[in-house]
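Worksheet: the structure to be examined is printed underneath.
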């Protein structure tokens, strides 16, 4: 590796993507396109279903916000990756400007951070619903949901701006090639010619704010929920209350598990090709699983989706038209 004294501020980077596998590119393109369209359809369906509900409980509002975040999350990364797979790369990779790379990373971190905070807000919603059911309507109001949603977005944005500025002020030396299909933090840190752990402190600070703080709130909420469920004497009521938390817990484990494994580790353990493969999973597969988890586990979402699908049925629309005076 070149010394930091030889570092330069690059005018741009090269995204290697999957250019070293030319024979797999068509198959990978079709696979990613199918998953991407399914992800967009699932999250859009949840947004439309929630919008069609006349009176929206707070949990449906949170699910709507989560689907909107996932929708934007995939749009930040996947369309560019699909476009790169259709182009015959001249050289080592597909070029991306310095500002374009910074913007992509900043949006990726902002949306991921907003989701971390939103999952903590949803855990608080479950805590109030189970531990203080009589006060739920008075505590978790639409106004509170709006303030929490705004706080989640602003919190993720603030952390992402600080982390992006810190990362792109690092010295980059040698190759401009990112062994990745988007501007991820680990790929950029791997390319930076830094040797001290002090340069990794911004990432550690972001992980503390985006992962440790919300996860502490989630654990505290579910600790109180577990204690409340233990005091319930009715097994049926206990199962019903626990089932309302199952989908949120599943999404929380997926999101925090992937983020913790990817980013809470020292630079010496980075493996660009392995990180690229794992990123392919958490930027494509996990956003697809979230709508499936909630549509299967949440009765209100399932009922809303059924109503929307019933309205869109051609036979139903024709029948309604024939019955109109």
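Just so it is clear, glycine is given a Cβ too, placed from its N, Cα and C backbone atoms.
Nobody curates TrEMBL annotations by hand; they come from automatic prediction.
Of all ranges given (176-202, 203-229), TrEMBL attaches the label transmembrane segment to 203-229.
Tertiary proximity for the transmembrane segment (144-170) is limited to same-chain residues at least six positions away from its ends with a CB under 8 Å from its CB atoms, namely 58, 61-62, 65, 98, 102, 105-118, 121, 185, 188-189, 192, 194, 199, 202-203, 205-206, 209-210.
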